[in-house]
Amino acid sequence: MAENRVTFGSKLGVILATVGCAVGLGSVWRFPYMLGTNGGAAFLLVYILFTIFLGLPVMITEFFVGRHSRSNTVGSFKKLAPGTRWSWIGYNGILAAFLILSYYSVVSGWTLEYVWQTLNGSLYGSGAADYTEGFEAFSSDPFRPIFWTAVFIGLTHFVIVSGVDKGIERASKVMMPLLFLILVVMCVRSVTLPDAEAGLVYLFKPDLSKLTSSVVLSALGQAFFTLSLGMGCLITYASYFSKDTNMQATAWQVTLINTFVAVLAGVMIFPAVFSFGIEPSAGAELVFITLPNVFEQLPLSFLWSLIFYILLAMAALTSTISLHEVATAYVLEEFHLSRRKAAWIVSIGVFLLGIVSSLSFGVLKEWTIGGLTFFEAVDYLTAKIMLPLGGMLTCIFVGTRIDKKVLKAELTNQGTVKFYLFSTYVFFMKYVAPAAIGIVFLNELGVLDFLFKGTR
Ligand code: TRP
């Protein structure tokens with residue numbers, strides 16, 4: 001089995017595919033939305049700290065597990081620790097992939113609607129208030145968003161059944177650099193709007209009094225979400241790496257590119273938010289109600305808008321592919337089904353859940369779980385609980401069950417490439433990451449508060 005597993009074609013292919021997996025709506029849509037609902041720059045600061053000090057070590061650890069075992073998320077733990085419950089990390093991951101894909105496809109569907117509205121000319125010419133109203137009318141519609149969700153899952157499904165190397169690699173190679181370029185253009189337009197400065201201050205000047213436990217948890221969730229960590233996505237990808245992929249370098253590249261894209265997205269969104277008097281804490285709709293205003297201020301707005309939403313949809317697609325692949329690879333290898341059958345099972349299941357997520361912007365708006373709509377609740381459960389938990393357990397697994405020599409041999413490609421600061425990495429993976437994630441959890445639950453008040 002292991003011998004005939006497909007691998008990514010080239011060095012660039014590895015990076016592009018992994019960047020494609022990481023960069024998506026998480027940076028462009030979720031990051032501004034989270035930053036806006038968590039008080040601004042303080043969130044950015046914590047998010048960047050978590051990315052470097054927790055995200056990076058967790059990413060390298062997942063790369064290790066994936067390439068060392070050459071197996072899917074569940075299979076890898078079964079292979080490395082047969083007969084133990086460690087494979088539950090994998091099950092947590094499969095479930096998370098499935099849940100994330102369901103609401104992620106809904107938002108991806110929104111990008112298709114915006115492609116469509118740009119094409120038929122109905123999007124532009126109204127102004128901030130109307131863009132909000134227009135979005136709300138669309139997202140609360142019982143049919144349209146579900147139609148686009150179905151289209152999007154269909155696209156993902158098509159790439160998945162057409163094969164790993166061809167599908168994923170080809171898609172990533174063309175689109176990612178282009179998206180990057182257009183983000184830069186949008187940033188320039190946004191920061192030259194009247195009163196853009198307020199947005200930059202909001203984004204970059206931290207007000208530490210805003211740092212609450214829920215801001216910290218949100219930043220942790222965001223770091224894991226945008227880097228695709230904690231659910232075995234990167235385990236599955238790394239299982240397709242070749243034996244001479246430099247995993248430390250790849251992890252750095254993916255992390256830096258991804259963080260850079262998120263910051264660009266912030267620079268694109270917040271100056272415009274303040275310039276047009278939009279509420280930064282508008283929530284999931286923030287990016288969708290802000291951007292049309294910026295496009296309207298560009299010459300040839302139609303063209304920019306069209307290209308942008310197509311590219312955003314593509315960036316989302318390279319991420320949904322990765323999520324779908326995790327679930328499909330599992331179903332296929334564990335139940336010995338054909339790729340086609342496995343993919344159908346995943347697609348249909350995801351669509352059914354996606355319907356509920358989509359309806360939670362309309363007819364199911366009032367149906368809340370702990371104050372969160374279904375969409376928000378699934379997002380909360382996955383990003384803020386399942387992913388950090390999965391990452392924490394993966395680190396504990398590798399830290400306690402894997403011989404350092406084996407770890408080092410794998411990470412240095414049997415001594416052929418250098419792994420810088422190996423013992424620092426081990427320290428962060430084994431102690432810092434699990435402890436920090438544990439502390440954030442306890443803090444959110446109010447346990448720390450309780451303890452400290454008790455001793456005062
Ligand atoms: N990281 C992607 C984004 O930012 C989404 C994503 C893809 C993801 N695969 C994942 C999130 C695995 C968590 C886990 O858009």
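Just so it is clear, glycine is given a Cβ too, placed from its N, Cα and C backbone atoms.
Among the features that TrEMBL reports, transmembrane segment is placed at 12-29 (among others).
Tertiary proximity for the transmembrane segment (41-65) is limited to same-chain residues at least six positions away from its ends with a CB under 8 Å from its CB atoms, namely 31, 34-35, 76-77, 80, 201-208, 210-211, 215-216, 218-220, 222-224, 227, 229-230, 232-235, 238, 241, 247-248, 250-252, 254-255, 259, 262-263, 266, 391, 394-395, 397-398, 402, 407, 410-411, 425, 428-429, 432-433, 436-437. Residues or ranges marked as transmembrane segment by TrEMBL: 41-65 (among others).
Residues of the same chain lying 6 or more positions beyond the ends of the transmembrane segment (86-106) and with a Cβ under 8 Å from any Cβ of it are 24-25, 72-78, 80, 145, 149, 152-153, 156, 225, 230-233, 235, 316, 319-320, 323-324, 326-327, 330, 346, 349-351, 353-354, 357-358, 375, 378-379, 381-383, 386-387, 389-390, 393-394, 397, 401. Residues or ranges marked as transmembrane segment in TrEMBL: 86-106 (among others).
Look at TrEMBL and you will find 146-164 (among others) tagged as transmembrane segment. Counting only same-chain residues 6+ beyond the ends of the transmembrane segment (146-164), those with a CB under 8 A from a CB of the stretch are 6, 101, 105-106, 108-110, 112-113, 171, 240, 313, 316-317, 320-321, 324-325, 328, 339-340, 343-344, 347, 350-351, 354-355, 358-359.
Residues or ranges marked as transmembrane segment in TrEMBL: 176-194 (among others).
As annotated by TrEMBL, transmembrane segment applies to 214-240 (among others). Tertiary neighbourhood of the transmembrane segment (214-240): same-chain residues 5-8, 17-18, 21-23, 26-27, 30-31, 34, 37-39, 42-43, 46-47, 50-51, 54-55, 58-59, 62-67, 69-74, 76, 89-90, 92-94, 96-97, 100, 164-165, 247, 254-255, 258-259, 262, 319, 322-323, 325-326, 329, 380, 382-384, 386-392, 394, 437, 440-441, 443-444, selected by CB-CB distance under 8 Å and a gap of 6+ residues from either end.
For 252-278 (among others), the entry in TrEMBL reads transmembrane segment. Non-local neighbours of the transmembrane segment (252-278) in the same chain are 15, 18-19, 22-23, 26-28, 31-32, 35-36, 44, 47-48, 51-52, 55-56, 59, 128, 132, 180, 183-184, 186-187, 190-191, 193-200, 202-203, 226-227, 286-287, 289-291, 293-294; each lies 6+ residues outside the stretch with a CB under 8 Å from one of its CB atoms.
For 298-321 (among others), the entry in TrEMBL reads transmembrane segment. Nonlocal intrachain contacts for the transmembrane segment (298-321), taken as residues 6+ away from its ends with a CB within less than 8 angstroms of a stretch CB, comprise 17, 20-26, 28-29, 101, 104-105, 107-108, 111-112, 114-115, 118-119, 121, 123-124, 152-153, 155-156, 159-160, 167-168, 171-172, 175-176, 178-179, 182, 185-186, 189, 228, 291-292.
When Cβ-Cβ distances below 8 Å are used as the criterion, the transmembrane segment (342-361) is approached by residues 98-99, 101-103, 105-106, 109, 139-140, 142, 145-146, 149-150, 153-154, 156-157, 160-161, 284, 324, 327-329, 331-332, 335, 367, 373-376, 378 of the same chain, each at least six residues removed from its ends. Summarising the annotation, TrEMBL assigns transmembrane segment to 342-361 (among others).
Marked as transmembrane segment by TrEMBL: 381-399 (among others). If one looks beyond the transmembrane segment (381-399) by at least 6 residues along the same chain, the residues whose Cβ comes under 8 Å of a Cβ in the stretch are 54, 57-58, 61-62, 64-65, 77, 80-81, 86, 89, 92-93, 95-96, 99-100, 217-218, 220-222, 224-225, 229-232, 235, 407, 426, 429-431, 433-434, 437-438, 440-441, 444.
Look at TrEMBL and you will find 419-442 (among others) tagged as transmembrane segment.
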Task: Same-chain residues at least 6 beyond the ends of the transmembrane segment (419-442) whose Cβ lies under 8 Å from its Cβ atoms - done: 53-54, 57-58, 60-61, 213, 216-217, 220, 248, 388-389, 391-392, 395-396, 398-400, 404, 407-408, 411-412, 448
